[in-house]
């Protein structure tokens, strides 16, 4: 089979013109295997097997056109979720189910989303969730062992990979990983305070090298609602609430307290809320604001804080959207 010739820059991708994220339809799996099933391919690798021809520029254009189309589409988002750990992904899952009409962008600094939810405590495999967080697992379709007051997922990666795959399947959700939030977009309110109106982003590798390279300006995403779930204080953790302190919107961080599972999980879920207009905070980032206890290797509060964050966002969405017209 002859290799393909050069393809014009404005030619269709894979034979179809690129549409918006809401219009793209899934291509049937058999198209990629030239109409063959796996059973037909099995044990016939020496009988004329070959991949369909491709030119390298087609790969480049297939990636870049789609990515920059997404950047254009989500430059004006309805909700931005900062941090794709267990809380952020749970938030995205609930919002994607409840409001398929909303454009939801997830910004994750790491190449690999999921945060610390790929393993349980001390790098062990199993994930423990206290009831009633088993309701979230049932909704996801993740199997577990029932131990009475808590349940155990055999491997944390089973939970995280299932949640991630379901989130990414929503046509109205886009994950921008390897991308960090460097600042918050603000608007002054009538009372002289501020409202959060979006995020300032950059490639994570650029963010990490501002000190040793010349000025590398960022990009922006406008949104009436930002939900921050960046976790414990750290290089990228608790970023949004630390920025609120530096902007004098909150006096200081409360500082996360020691481990108390019984106190911590209830507090994180119940206090998930809008901290300042336009910014909802959930998960362990919230413990840094409130001076709450850490809960250690139990993940139910992360999932249910995400559920509550989605509820809080929808309560104020219409009001914040009306305010975010400028």
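The backbone N, Cα and C atoms fix where each Cβ goes, and this holds for glycine too.
Owing to the predicted nature of the structure, the values given are computational and were not obtained by experimental measurement.
What Swiss-Prot records for this protein:
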- 87, 108, 109, 116, 181, 217, 232, 284, 294, 295, 296: substrate binding site (BINDING)
- 215: 2,3-didehydroalanine (Cys) (MOD_RES)
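Farthest C-alpha pair in the substrate-binding residues 87, 108, 109, 116, 181, 217, 232, 284, 294, 295, 296: 38 Å apart. Looking only at other Cβ atoms within 10 Å, the busiest spot among the recorded positions 87, 109, 181, 215 turns out to be 87. Counting only the Cα atoms, the space from residue 181 (substrate binding site) to the residue listed as '2,3-didehydroalanine (Cys)' is about 16 angstrom. For the recorded site, residue 87 (substrate binding site), the DSSP three-state label reads helix. In sequence order, 238, 256, 284, 285, 287, 288, 294 are the residues near residue 232 (substrate binding site), counting only same-chain partners six or more apart with C-beta under 8 A. In this structure, the CA atom of residue 109 (substrate binding site) is 20 Å away from the CA atom of the residue listed as '2,3-didehydroalanine (Cys)'. A gap of 33 Å separates the Cα atoms of the residue listed as '2,3-didehydroalanine (Cys)' and residue 87 (substrate binding site).
Around residue 294 (substrate binding site), taking its Cβ as the centre, 16 other Cβ atoms fall within 10 Å, counting all chains. All protein chains considered, the CB of residue 296 (substrate binding site) has 15 other CB atoms within 10 Å.
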